[in-house]
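Peer 1: This is the feature table in Swiss-Prot:
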SIGNAL    1-21  signal peptide
DISULFID  CYS130-CYS136  disulfide bond
TRANSMEM  193-215  transmembrane segment
DISULFID  CYS207-CYS328  disulfide bond
TRANSMEM  235-257  transmembrane segment
TRANSMEM  269-291  transmembrane segment
TRANSMEM  318-340  transmembrane segment
TRANSMEM  347-369  transmembrane segment
TRANSMEM  384-401  transmembrane segment
TRANSMEM  408-425  transmembrane segment
TRANSMEM  440-462  transmembrane segment
DOMAIN    451-593  domain 'Thioredoxin'
DISULFID  CYS508-CYS511  disulfide bond
Amino acid sequence: MRALLTFFVAGLLVLSSPAMALFGNNQNSSFASGSNDFVPVDQAFPFNYFQQDHRITLDWQVKEGYYLYQQRLSFSAENVVLGDIQMENGQPYRDEFFGDVNIYTNPLFVNIPMQDWQPGAKLIVQYQGCAKAGFCYPPETRVIDITSFTNGDMAPATMPTQTANPLDTSTPQPLTQQDQLASGLADNWWTPLLFLALGVGLAFTPCVLPMYPILTSIVLGSGKLSQRRALGLSLVYVQGMALTYTLLGLVVASAGLQFQAAMQHPYVLIGLSILFVTLALSMFGVYTLQLPSSVQTWLNNLSNKQQGGSSAGVFAMGAISGLVCSPCTTAPLSGALLYVAQSGDLLTGGVALYALAMGMGIPLILVAVFGNKLLPKAGGWMDRVKTLFGFVLLAAPIFLLERILPEMWSTALWSALGIAAFGWLYHVKNSLEFGGWKQSAVGIIAVLGLFASAQPALNYWFTDSSQQTQTSEVSFIKIRNVEELQQQLALAKQAKKPVMLDFYADWCVACKEFEKYTFHDPAVAAQLKQFVLLQADVTRNQAQDIELLQAQQVLGLPTIDFWDAQGNPVSNARLTGFMQAAPFLEHIQRISN
């Protein structure tokens, strides 16, 4: 069904959703036994450093089959000032749960210049990695004492090894795991072309297209101009608009980390979803979205002071117009800014938004040079295009909420959107300007789309109700520390029930795979009813989390421990790494029996 919706949402969603990537999907890997085949973190990522006067070099020798997250690298200091950090960019990697991130599978060297040393100077380094087989280590912190030095040149040091083009950052700004698009596209030369194409598409939205003839007359002013003069003025106007967009991109990119951190919070995802739904309602004619009258008056007065036909006045008008977003451009522009924020790259942010503005300005240039004859005639088709963009905007919140909603609900939302969109298409087919085979083709597409959209919901409704109940009844008792674990083990012993303890963290890919593919399998869910199910969420890696991990001798996640009905740990039953539903079911059956 999503394939049928792709042409509705491709342009917007390429920008506004961090699109499922990097870390690697390990759902096909499994461990038939509970043995721990993973090495300690210091063997997986041997860490060394050496200081040479006012420079320090950090060195990770990444073991084969393991990788470090770029977005989990962070550097801070006490009693010393860090200069420009130079490090190579990681390799793009895709994961269905966390989106696009970068990883390091080869030795990594980071050079950090320093200045203004004071007694007690320290460098705090944080990092985290995983095994490709589906096993993640908790975040690691190393505190390095900085010896005294004399201030020197703060220019970035030369990399000891050259395996890729270095990525310069004024402050340590690793990319987040969110990610939708930033890591995957930032290094590709065609990124500006993508934004240019998006800008052209935005120019032909119903909120923007009718304004071009009016805008052209304002830009060119009174009097007849040569094509060369008209071309020059329209280019100047577009450059003014592009300047505003470019500055906006630079500002957002410079605050990339703040945007990245905020975008991971469920409240932010819900807020953005409400915003997109609100914008969609305006496209359906529920209300009229426009700037407050006071702002409109101020912008109009400011624009009227500029003289059409003069380069300076036209440039100023273009810069002012870049501050105004119509209902048709607000959501795509928000998506573009989201992409820029995720990249955290000033060059990427500036070039991408400049290309977007240039794309939006191409129709204006054509109209200024060749006249209105190049524009399609206004008519009822524009209202239908406006409604179509309403469905596009409704698709955006579903992509955002998929990250926090159960799969059942996200599937239901996709089905509902598809049924509504293709139902509307079938409803309006008879009012199209053309008839004959073209109208019939639209009707066939609408009917096929309706069936395809309804299929996921029908599959759920006709699934055996007992299986649905089994899936929904899998729930865990949350524990936070060693004391709570001991209390729950004592209660389970009194009830003469075996215990399963699942160590979980939001940054653990395989933990989410366990939750989606294994625990919610109907047969597994039924068997787990015989257990007391405990779960320790160690996402925040606080002191009590570390104490619990050490008490259970947990190297990394996922890790699942078992106790029998007498309260004794089951030897050789520990699971580390992802396991598919079928072998996991056999494993817990052996324990429960």
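Along the chain as shown, residues are numbered 1 onward.
Placed from the backbone N, Cα and C atoms, the Cβ positions cover glycine too.
Since this is a predicted model, take the numbers as computed values, not measurements.
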Peer 1: Using DSSP, what's the helix, strand and coil tally for the domain 'Thioredoxin' (451-593)?
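Peer 2: Going by DSSP assignments, the domain 'Thioredoxin' (451-593) contains 72 helix, 24 strand, 47 coil.
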Peer 1: Between the stretches 347-369, 384-401, 408-425, 440-462, which one has more Cβ pairs under 8 Å with the transmembrane segment (269-291) than any other?
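Peer 2: So the stretch in question is 384-401.
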Peer 1: Sorry to bug you, but what's the C-alpha spacing from CYS136 (disulfide bond) to CYS511 (disulfide bond), rounded to the closest Å?
Peer 2: 9
Peer 1: How many Å lie between the Cα of CYS508 (disulfide bond) and the Cα of CYS136 (disulfide bond)?
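Peer 2: With the alpha carbons as reference points, the distance is 6 Å.
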